[in-house]
Amino acid sequence: MALRRPMVAGNWKMNGSAALAQELFKKFASKLQNDSAEVVLCPPSIYLESVRQLLEANKEALDGSLVRMGAQNLSQHDFGAYTGEVSGQMLKDSGCRYVIIGHSERRRMYGETSNIVAEKFAAAQKHGLTPILCVGESGPAREARRTFEVIAEELDIVIQKNGTMAFDNAIIAYEPLWAVGTGKSATPEQAQEVHAFIRKRLSEVSPFIGENIRILYGGSVTPSNAADLFAQPDVDGGLIGGASLNSSEFLSLCTIAMSA
């Protein structure tokens, strides 16, 4: 069985401030001297430099830990007349190691199709970033028992465009749309069922990838339900939304992941 290091990735969405970043580091910089879990901070792009500076300033306090920086989105294009967009190279230059791709809010609010998501996945890897690929079903799809079908379609398009081995340098986040920002989380059993399906799906084309890829759960994760979720055999941590904005809650989630 592969030893997959748990990950807790905090997606601030369009929230936070430079002051929040300082508060987070003040809270956990000296308490994360442990590399048993990886912590990724994904602030809005405007605050990436603030977080980068805090990582550097707290380098000694964070010694022995794995705290990284990630972005919430990137353009599928390398450069050009794309007002408001940020390229993979720009994110790499900013110090990012990870980037969230295909979040349900991007798909739903900004019309990102699975083809665009696959292109962004490729753009991330082209510039040395590790994509955190989000997949998940809507409430109606779950009620219609189409969860596996929807997720398979979302995975397959990325595989078709990028190849299976592209997942050797990728993270997957299962985020059921009916749980994102609703306060209603999937049960540990529901999460495990879907994570096991994703792992099996990838194992069919590459046993190595299937066994080693990290699969995060995202959708109303809190300190009260994280231990049970992270204890599932195919759940390798969480993509955290609201709780990542609360320094105490986020530290609790990191601590839970470190003992999972």
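Cβ atoms here come from the backbone N, Cα and C positions, even for glycine.
Binding site for substrate per Swiss-Prot: ASN11, TRP12, LYS13, SER220, GLY241, GLY242, plus GLY181 from the candidate set GLY181, GLY210.
Summary of the substrate site environment: with the site residues ASN11, TRP12, LYS13, GLY181, SER220, GLY241, GLY242 set aside, the chain residues having Cβ atoms within 8 Å of the Cβ mean position are ASN15, VAL180, ILE240, ALA243, SER244, LEU245. Note: the Cα of SER220 (substrate binding site) and the Cα of HIS103 (active site, electrophile) are spaced 14 Å from each other.
DSSP assigns ASN11 (substrate binding site) to a strand segment in the three-state reduction.
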